[in-house]
Structures are given as structure tokens and as C-alpha cells.
Amino acid sequence: MENGNGATTNGHVNGNGMDFCMKTEDPLYWGIAAEAMTGSHLDEVKKMVAEYRKPVVKLGGETLTISQVAAISARDGSGVTVELSEAARAGVKASSDWVMDSMNKGTDSYGVTTGFGATSHRRTKQGGALQKELIRFLNAGIFGNGSDNTLPHSATRAAMLVRINTLLQGYSGIRFEILEAITKFLNQNITPCLPLRGTITASGDLVPLSYIAGLLTGRPNSKAVGPTGVILSPEEAFKLAGVEGGFFELQPKEGLALVNGTAVGSGMASMVLFEANILAVLAEVMSAIFAEVMQGKPEFTDHLTHKLKHHPGQIEAAAIMEHILDGSAYVKAAQKLHEMDPLQKPKQDRYALRTSPQWLGPQIEVIRSSTKMIEREINSVNDNPLIDVSRNKAIHGGNFQGTPIGVSMDNTRLAIAAIGKLMFAQFSELVNDFYNNGLPSNLSGGRNPSLDYGFKGAEIAMASYCSELQFLANPVTNHVQSAEQHNQDVNSLGLISSRKTSEAVEILKLMSTTFLVGLCQAIDLRHLEENLKSTVKNTVSSVAKRVLTMGVNGELHPSRFCEKDLLRVVDREYIFAYIDDPCSATYPLMQKLRQTLVEHALKNGDNERNLSTSIFQKIATFEDELKALLPKEVESARAALESGNPAIPNRIEECRSYPLYKFVRKELGTEYLTGEKVTSPGEEFEKVFIAMSKGEIIDPLLECLESWNGAPLPIC
């Protein structure tokens, strides 16, 4: 019998269309695994997003993707439908018929005529009653009075989809009608209530999956949640889903087929990895934006550096950052600054900027590898025993051992923690005026820094997020306890690790949100900085021309040569070091301007003895006029920017990173934060976090990279 991919099911060919009895070129599947890793990570993410948005998920047993699982889990049945491959029906029926035939012939099979686990020495001929008892004793979970101990409905939907996919392959001995019933529950958005805890994911996710079986068999303690959030009894759930014929009386092996699988752990892992892949790309793009607003040197993305390191994740991360920075208006402006007094500045940027490709690259490789591992798992047959109709036998093994889930989730969580650590280091530099190349302390955007502490609370929150994230990076899989009378003496803890990784993803989203809003604040501050610097230069130039050019009798004055050096002072001084009180004698602007005039006076020689040619005599007049004019001009420039009419437009509009800024500022309507407003940072973070959780950030993120050709810039 052929499945939806044209491959014959159950014992005749494997999932890649190869005869099990035939010698193949890739018998160990290493080639298939390697082939799955070809192409760029970004292209893979784009493909995931496209699959996620398709309205139909067609199940045939062997082609399910993590993005399809994420779509079913997240969209609650609205806009996406599950369809079963009719071609799989015959294979499923064949294995179900084989179980009944073998039972009638007196064949001794685990879980069909025997007890379970460490008590498999017991025997019975009451196959149906045995399955009923299996579901009863596995209903050992605790829900309590609220939802704290209930598996999230999204994860339950993911588990239902994955379990259907596994059972469709026809090695499990279950009726097709049961799979159709679960599909109806999914399509009608009716979700069984599963306990959050209680599984060690070997022998499969027995306890939580038994509650799906409990709903199918009408157990009185089973419950479901309907489309509107109303709690449903089994009778109500069946009626609402349109499942006819009443509750199922499980035949031999069917209960075991339902519960003895890794679907809960791998389903949640699929959800986690869909988000983790997107967050990894976001971290790459935000690292590039960080370089822009920090006036970083783009040399750190040079392809030769990364080519010589050989790691593909690093090479791609650097190429993505290089693409964002190539032609960036910020990079062009920063280059001019770096050329000014180069020997007095650090030769290279700090590690959080300069080594971000080297840091992120391995994390992307880990996340990508984990994605492929989980994708193999959700397309695997993972129960026991396996029914091989072609050889007329039940094979007793251990595919229920969810080690790929536990290991991949531990690794993913460590990668997520590393991404968060980099993000925290970058954010810490961004808000610190000792490191951020002229941005104000705490990214304070108001006029009075004594009454505006900007992102100080956000930095404290980021430290909290990062600390918890680093704690979560600790592995789960080394905490295995021997279970079930020492029969399950090693077990994967797959769902526990998936749950912890889900928590880690949520924290990374909190950090990504905070950092992204901080970057947008920095972009706006650079815009303000540019407008204010232009205003200060124009004002200093105007006053210099008026005061320093001519003498009292209209003759040219020696001080006319000071203007160029005065403007150089403005160029060299950080605007936010003095702009709250630009004419203060304790701030660097007035001090350096006076110092410049004094130096010119000292070089003026004998002219200083003459009042009409003395530069020193001009200093007080210059300062007085500047004090009278500059504060007004600065306030006027601020007001113009706040009203949307700045003299100089925002550089971000000329950059490839603009779509993310536009999304945060214009589409979500977040504000430039200052102590002069009532709006708190958390209110703005909330807008971005909710949008990020809904996946709304995906399109602007990918728009930043839509013109990237998938390769580094050529080395010429």
C-alpha cells in the first residue's frame, strides 16, 4: 500500500522510499541527515514561515515539519485544517487486523496478552479489558483547582498532531477511525486536558497521552476545553466534534498505541524550535543594529576572518550582519568619526560587538541541528511493540525512548541562554555612557537627566531575565531517576526538557523585546544628537562670525581664524555630555571653547597688548552672546524634532534595518521614552512582546534581509 508520498507502508519500504531488504547507498541515514543541513539557515527559516502560514496540514506519516506542528498548536484551529492521507488507511488497517488475528491465534505479544513494564510476566486473554486498565492506571496526573498544573492547550494540540502522524505509518495496531476522531477534535478546536507533569518520556509520554485516550474512551474523569474555553465532558466533546458512534471500546494494543509514544515531548519541542529559529535570526539582525547605533567598525564582519574559522553558522551570522551594515548611513557617519583623532580611540570594538558572529554562529548550528533531530522524531514510529505485517511478527524494542528530545532540548536551551548572554552584554554597553560612544546614560531622552533615568529599570530587569535564563541552561537529562520497578531505569525526560526550553524561549523573548526597544531609543537619540550637534555648530559659527571676525572699527580681527577650531570642538565633544545645560561652565563645551580661544590668544603675540586686536578681550563677549542664543536654539531644535519637523531626517530610513524600527515605532506605536512623559518603559515593552509572541515581528525581520543573496560580500 502506498502512502501520500508514493511510498509503500508497513514493512516493505522505509520512509525514504527504500526497500528495507535492499542495500542502499545510505543505510545509516547519515547522508539524509547531512543533506537536510544544506543551504542557509535563513532560507530554512523562510521555508518554515511559509509552511506555518499554509491553511492545510496534510498528514501522511513521514513529512511533518516543526512549522506545521507550530501552526496547529498556535492557531487553535482557526485558519488551519488537518487532513489525513487516505492512502495510509490500508496500512493502518493491516496492522490493526494483524493484532486481532494474532490474538485469536493465541500469539503472545507484549501489551496485548501480557502485563506492562516490570510486570510483563503476567498474562491475560482479555485484550480489551487490559487496554482499559492501562488507561485507568496511567491516569495518575494531578490538575489541582486551576490551570497551573495543566499542559498548555497549544502543547496538547501539538501532541495530538504528532501522535496521529506516528500512528498513520501503520506499525502500531490501531484503527484508522480513532485517528479520524482525534483529527476531528483538532479541527473543531476541542482540546483534551492533560496534566503538565508526570511523564519521563520513556516509555513514551504515558501519563499525559493516557488522558487523550481517556477522552476517546469516555472516562468519567476526562475533560476537554472547547473553542470558547468552556470545559466539556466526554459526551459534550464528542457531540461538538461530530464524532459519531459513541465512545471507543479499545481493542487489543490500541491503548498502548495511543500512550506509548513521544508525541508530547516532541510536539512541545517543535513549538519551541519554531520560535527559537526566528529568535536566532532576530539576534543576528539586532547585533548589526547594535553596531550601527554604537558607531561600531564594520570590519568585524569581513568574510576572510570568518572563512578562516570554517564554521558555517559563524560565516552566515557575519554575512547577515555585513549585509545590514553594507551601505548603512550610520556606518558612513561613524567612519568619519573614527578618522578624527584615531590614536586617541580604541583600535577595535569590545567583544559583545566584535565577536558577535563567532558567538552566535555555534548557537545557530545547535538550534538548526536540534530542529532536524526533532523533525526526524515527529516523523518516527516510536511505540512498542512494532507490528511488522510483512514478516508476520511483533518487534519488541525501545523507540519510545525520547532521548533525541531530551538531548536536543538541553542543547537548544544552552544555545538560547548563550544568545541571551550576548544580548545582555550588548544592552549593558548600550545604556552605559562610558561605553556607548556618546549616547546618554540610561538612554535618557529628556531635557533634564536629573529627572530622567530612562532604561535603568530595564537594565535591572535584563539582569534578572539573564540570570534566570542562565539557570535554565543547566541540563535536565542528567537528572534521570530509575522508574517503574527499575524497568524504566534510564529515561529521557524529554517533555521536562521541552518545558524548560519553552520557559527559556519566553525569557529570551522578554530580553529581545527590551533590547529592541532600547535599540529604537538609541536610534532616536542618534537622530536627536545629529540635529542638536548641527544646531550647536550653526550657533557657534554664527556667534563666531559676529563677534570674532571684525574689530571695533570694522577691521578684520585676528580672532577670525578661531572659528574652524571652535567647530572642531563641537565635533569632538559628545552632545549629551553638555546639552541639558549647554552653556554651563562646568560642562565640557564651554570649557573647551574657552580653551581654544585662549590658545589662539597665546599665539597672538604682541597683538594681545592692543585692545583692538586682542583675542583674549573677545572671549567674554563671545561667551555672553553664545549663552544668550544657544539655549534657545537647542530648545527650538528639540521642539522641531518632537513636532515631526527636524532639520535633518532620521538616518535609519536609509538603512536595511529600517523595517524593524518602522515596525516598533510606527506599526506598534511605541514612543520615544523620556522622563517628561507619563509612559513607562514597560508599557512600550508590552506592545512589542505581545506582537513578538503573535509572530508579527517575522515579516519586518525578514524584510531587513530580503535583498541578501545568501553569500558574504566578495573579497576584492
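Glycine too: its Cβ is placed from the backbone N, Cα and C atoms.
Cross-referencing Ser203, Ser370, Ser492, Ser502 with Swiss-Prot, the residue annotated as 2,3-didehydroalanine (Ser) turns out to be Ser203. Neighbour list (Asn487 ((E)-cinnamate binding site), Cβ cut-off 8 Å, at least 6 residues apart, same chain): Gly117, Ala118. The recorded positions Ser203, Gln348 differ in how many other CB atoms lie within 10 Å of their CB, and the one with the most is Ser203. Spanning the listed (E)-cinnamate site, residues Asn260, Gln348, Arg354, Asn384, Lys456, Glu484, Asn487 have a farthest Cα to Cα distance of 58 Å. Counting every protein chain shown, the number of other Cβ atoms lying within 10 Å of the Cβ of Asn260 ((E)-cinnamate binding site) is 23. Across the structure, Ser203 (2,3-didehydroalanine (Ser)) and Asn260 ((E)-cinnamate binding site) place their CA atoms 6 angstrom apart. A Cα-Cα distance of 12 Å separates Asn260 ((E)-cinnamate binding site) from Tyr110 (active site, proton donor/acceptor). Cα to Cα, Glu484 ((E)-cinnamate binding site) and Tyr110 (active site, proton donor/acceptor) are separated by 16 Å.
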